[in-house]
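Asker: Please read through the structure below; I'll follow up with questions.
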Amino acid sequence: MSTACWHCGEGVGVSPFVARTPGGEKPTCCPGCAAAVEMIHRLGLEDYYAIRSNNGPLVAGEEAERTLALFDMPQLLAAHIQEQDDRRRLRLQVSGLTCAACCWLIEKVVMGLPGARSVQVNLASMQLTLEYDAAEHRFPRNAVRRILELGYRVALPGDPTWEGHLQKERRRLLGRLALAGLGAMQAMMYSAALYIGVFEGTDRIYQDLFRLAGLLVATPVVFYSGWPFFQGAWRSLKVRRPTMDVPVALALLLAWGGSLVVMASGGEHVYFDSAAMFVFFLLLSRWLELHQRQRIQRSWQQLQDTLPLVVRRLGDIEGGDWVATAQLCAGDTVRVSQGETVPVDGVIRAGEARLNEAALTGESLPRTRTTGDVVQAGCRILEGSVDIEAASAADSSLVARIGEQVARAQEERVTVVRDWQRVAPLFTVTVLLLAIATLLLHWHRGPAEAFEHMLALLVVTCPCALALAVPLTLSATLARALKLGLLIASPSQFLSLPGIRGVLFDKTGTLTTGRFQRVAWQATADVGAEGLTTLPRIAAGLERDHPHPLARAFDDLSPVPIEDLRLSTSGARGRFQGHQWAMGGAPELSRGGETCLTLTRDGQTQALFWLRDQPRAEAPAVLEQLRQRGWRLRMASGDAAEPVATLADELGIGEARSRLAPHDKAAWLQKLEQQEGPQMMVGDGINDAPALLRATVSVAPAAASSLARRAAGIYLLNEGLQGLADLPRLADRCQAVIRQNLTWALGYNLVAIPLAMAGWIPPWAAALGMSASSLLVTLNANRITTWKACSC
């Protein structure tokens, strides 16, 4: 008989390779396994072999070399690495994970590498997230090499083979569910005749024949369809953290094994039908949850798949040259023509086009965009052609980040889920103790009846409905929000919306369109006729690359070339024809809602420009809906006092502050939270980021800066403020469904437990009740997917 490999479990043959460890020599099937065993012991991680549930396949040498070759390509990796100050973040896909021990091993091994900051393995999504020092350029390759040595496969996000893996997972679960469904129906058919006494007065052999048929049908259901529950129970017991799989597996074993004993001893009451029904409804709940989770993933993946692989970048070559989308950087200009998809977030510098933004916003009506308008990656050009200046690299666009934010949202655990995870082991132990108490309580009536009541208790108290109440509701809400143009990056912030006491708005680009127009200008010095033509072009040259919305008022002008251009939050400065020119604000000269900018040469004012912004058309209606919730509305702006006051009066905002620096906004928000309670911040600019980070709930509009998006917990994907009216209503609905689900799940257990202990619930009714409870929670959560947004 061949000895099994100590590492992978395969046969070692007649001449095994030997791994030398402090605990003695271990037989292995190949040098790779021997090296893995020795490395694991050398790192002090030998506990892995004690807690693993089974083995993952080793990666063959050729496949490992091919995988490592991908991580030797900087350009390929650059599209997946995110820069965060002095650290980098990389998310990978890992296959071969079978239990929590696999995740534990990978985290321990990779954290031991130089430069590692954080290593997280998500078993449910099979994703590995690495954070490491930016100076350690070889860290991804070293980490992948270690993981491959342990026997797991690694792939970059977007690998075309990964969808095949998900389909295989769905097919496997669907196969188990189909078998359980057919088996449960067949077992009920056989048992129904026994329950209603069809065989009364007939030969015992016919009754036994139907019991035997129930056994034959229920056995594959319990041990094939129900195998995930046995596997989960074993894993949780090995790591000494019992989960709900423990009472489930125990109930299945007792129902099946107890019925087998009853049959062998000539008894009458068997529970094969209860066991089969139990497995079927549990699997149905799991399949619905998996379907919901993967539906969200597919929704944003389909959006990312619409982006073009190559684009036409304008430059020295006439007509531009074709380059990979992944190579685009901030400042590059691309030409997008009819029938093509916008590859990056940016600003239209030339041209006009009608765009279909349905892929991103859900809005089916085309919109016309022209010079100075902001466009998002993923929009399709229906008519016209535009030149777009990229606001960021392709991998930093909103579309590219949606997947990451959805993944983070699914991984985030809200308070009620964390609380449940803490008490789940205690709940499981309590159920087991109650089961023993029920057995002892009814023992005087006979072992058979006591066993029946204990089994009913184990089945009826399965906490599936309680465990699914919040996650399923949140998954359905995330899916519905995405379809409505709302990206919820932080479920915790979203669930805090009903407790908000006030809203602090930024002004420019949030309550207003952010599309400033020059309404007047005047030269303040004698510059001559040529100067009157040149001054606006100098202003355009200074403002060309500035991210502030005020700068877009000069996009229609032909800018002069500015040397040594320097940008700041207060303006821009640079050299032209040997002179130092600067653009900045002049709050004291603002008038009637118009913002004033000054152009200076060598410190002397040369021209004044007055710009006007328009409030968003939907703003009054949206703000009124927020007022009806009892929220106090305020405005914080860095603009001059007069334009801020004018807009506040127009929109009915009672308190507005002007000339606020970024830290002033954050300080005001913090003071409001201390005095009144939780506040929501809505802002789109770089200067809003500190306040967004401090707010209980932070929202970034569609055209927000990259920094504001990173700081916000919720994004509005649709242009305008309509999403602000929908957000609290959707949060109310989500909270209501969560309360309904938790009330039902807790109430069901509080009522069912004493009834089962009293012996008033038979096992088949317990299985039906538990299953109905889980299905009710699942279907109730799914109702959110049909929730209707308001139309104001």
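Placement of Cβ uses the backbone N, Cα and C atoms for every residue, glycine included.
Note: TrEMBL annotation is automatic and uncurated.
Just lifted these from TrEMBL, have a look:
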DOMAIN    88-155  domain 'HMA'
TRANSMEM  177-197  transmembrane segment
TRANSMEM  209-230  transmembrane segment
TRANSMEM  242-264  transmembrane segment
TRANSMEM  270-288  transmembrane segment
TRANSMEM  423-443  transmembrane segment
TRANSMEM  455-474  transmembrane segment
TRANSMEM  742-761  transmembrane segment
Asker: Please give the sequence-distant neighbours of the transmembrane segment (455-474): residues at least 6 beyond its ends with Cβ less than 8 Å from one of its Cβ atoms.
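Answerer: Residues packing against the transmembrane segment (455-474) from afar: 244, 247-248, 250-251, 254-255, 258, 271, 274, 278, 282, 285, 288-289, 292, 414, 416-417, 420, 424, 427-428, 431, 434-435, 438, 491, 734, 737-738, 741-742, 744-746, 748-749, 752-753, 755-757, 759, 761-763, 765-767, 769-770, 773-774, 776-778, 781-782, 784.
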Asker: If you count Cβ pairs under 8 Å, which stretch among 209-230, 423-443, 742-761 touches the transmembrane segment (270-288) the most?
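Answerer: Stretch with maximum Cβ contacts: 209-230.
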Asker: Near the transmembrane segment (209-230), which same-chain residues lie under 8 Å Cβ to Cβ, leaving out any that are not at least 6 residues past its ends?
Answerer: 176-177, 179-180, 183-184, 186-187, 190-191, 193-194, 199, 245, 248-249, 252, 255-256, 259-260, 263, 270, 272-273, 275-276, 279-280, 282-283, 286
